[in-house]
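**Student:** According to TrEMBL, the record shows the following:
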| type | residues | note |
| --- | --- | --- |
| BINDING | Cys17, Cys40, Cys43, Cys49 | [4Fe-4S] cluster binding site |
| COMPBIAS | 84-97 | compositional bias 'Basic and acidic residues' |
| DOMAIN | 16-73 | domain '4Fe-4S Wbl-type' |
| REGION | 79-110 | region 'Disordered' |
Amino acid sequence: MATARETTGVHWSELPCAIEDGDLWFAATSADADRAKELCRTCPLQHSCLQGAIARQEPHGVWGGEVFYEGIVVARKRTRGRPRNGELHQRDLERQARANLRKNTSEAVA
Ligand code: SF4
């Protein structure tokens, strides 16, 4: 697998999600998710990041400038409130997404 630096000339540590507060990408509010989406749009890996997230069916978070929920791109992050069925495991989904991010980041560096 090619590293981020090999494909774009940018080291992973220079990517917006590494520079800014990583919690924005798994934000609890729509405003923070929108901020993460904006930052992704400045990222040289946006297209490949989005394609990878689609392929992996990311369960949660902002990837490649899009919000994912249960493996699909959704228009907006849902607002807070009583969770619907399927949202009750959100913390597990967040943990899985963070683990995926750490795994993908370490693979890009290898
Ligand atoms: S496009 Fe992907 S790699 Fe780039 S800032 Fe967004 S989440 Fe990070």
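Just so it is clear, glycine is given a Cβ too, placed from its N, Cα and C backbone atoms.
TrEMBL does not curate its annotations; it predicts them automatically.
Just so it is clear, the model here is predicted, and its values are computed rather than measured.
Are these features on the surface or tucked inside, and what touches them?
**Tutor:** Secondary structure at Cys17 ([4Fe-4S] cluster binding site), taken from DSSP and collapsed to helix, strand or coil, is helix. Neighbour list (Cys17 ([4Fe-4S] cluster binding site), Cβ cut-off 8 Å, at least 6 residues apart, same chain): Leu24, Trp25, Ala36, Leu39, Cys40, Cys43, Leu101.
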**Student:** DSSP on Cys43 ([4Fe-4S] cluster binding site), three-state: which is it?
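**Tutor:** Once the DSSP labels are grouped into three classes, Cys43 ([4Fe-4S] cluster binding site) ends up as coil.
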**Student:** Specify all same-chain residues, apart from the site residues Cys17, Cys40, Cys43, Cys49, whose Cβ lies within 8 angstroms of the center of the Cβ atoms of the [4Fe-4S] cluster site, ordered by sequence.
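**Tutor:** For the [4Fe-4S] cluster site, the extra neighbours are Leu15, Pro16, Trp25, Leu39, Leu45, Gln46, Val62, Trp63, Gly64, Gly65.
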